[in-house]
């Protein structure tokens, strides 16, 4: 095609796009048409650039990389909207703003969203040190088998999340990351829809989950984590991975809550102070609160530590005897790609294995290959599970290792 033909084609496509703007249709088919026209327009621009043209009429052409990106973006939007049009939500109102690429990429990414509202976080409980976040009344997402679901955006002390169809919580924003920068004390309060959520008041007694919210009658939030039984060397079966599903403030603010006293405790492991506290009978008192574990004791525990009633130092020592792991099962290529992407999350785990598989075991191809991720403690693993998205189509289970 010569420059005149390309110019005519570009003008015709732009005219159709402008007509869609003027119509402002709320029908999903109109949005599919809009992105199809954008795809054709940027493919035309790409071809014209490849032919050496810098303008089509009075229209300057974008760089090749820009046209390629925009065309691929339009293809992606078209595919997602076509899939959505075959779901039960196709009859809802879908405007240009609801189906924009920018909105698709805002947290939570790769989901459609409607009716945003503001969540204000007061760092240090100071109204003058406030940061606004956007949450959504409705979030439309695809599950592992590409079925569409609609859910509500929710808020707790830790951040913004939505609950998936299987009951799992998917956090798409954690306040702790900004608190590292803007907060002096490591505390904040959350204000939204005439509700206030604050941290539990520190006391010597165990804090209830109800302390997370100041609204009377508000139910506490829990992070639903997958659990599966693991068998120990002695033949005992424990339910590893069953935990309270809301990460406590001490878990989320792990790096900030190390006080001077705790630092002194950590630095004096050679002669630790024996600090007696009330521990449930099923947990060995000496190993939970006593001296640091020896090399032979590492990995020797087969029971979970209590969630409260022991110091931070005692918890670290106790968990050293039972390093937690995450076993992921799936296709080899998916696991290898995911392992490569994990390089930016190295601070959230201790080490990981290469992709491997068991020999002489007949298992489905979808779960034949394995990958192990090892953590320093269960708190680190909980944070990892909230921040890192597991590869699609893979399954996982929790467990422990006696040694590495």
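The first residue you see is number 1, and the count goes up from there.
Cβ from N, Cα, C; glycine included.
What Swiss-Prot lists as compositional bias 'Polar residues' is 224-250. The compositional bias 'Basic and acidic residues' feature in Swiss-Prot is assigned to 259-285. As annotated by Swiss-Prot, SUMO cross-link applies to 329. What Swiss-Prot lists as region 'Transactivation domain' is 1-204. According to Swiss-Prot, the feature region 'Disordered' maps to 201-306. If you look up Swiss-Prot, you'll see 322-404 marked as region 'DNA-binding domain', on the strength of sequence analysis.
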Other CB atoms, at most 10 A from the CB of residue 329 (SUMO cross-link): 18
Per-region confidence, the region 'Transactivation domain' (1-204) (mean pLDDT, whole number): 90
Summary of DSSP states over the region 'DNA-binding domain' (322-404), given as helix, strand and coil counts: 30 helix, 23 strand, 30 coil
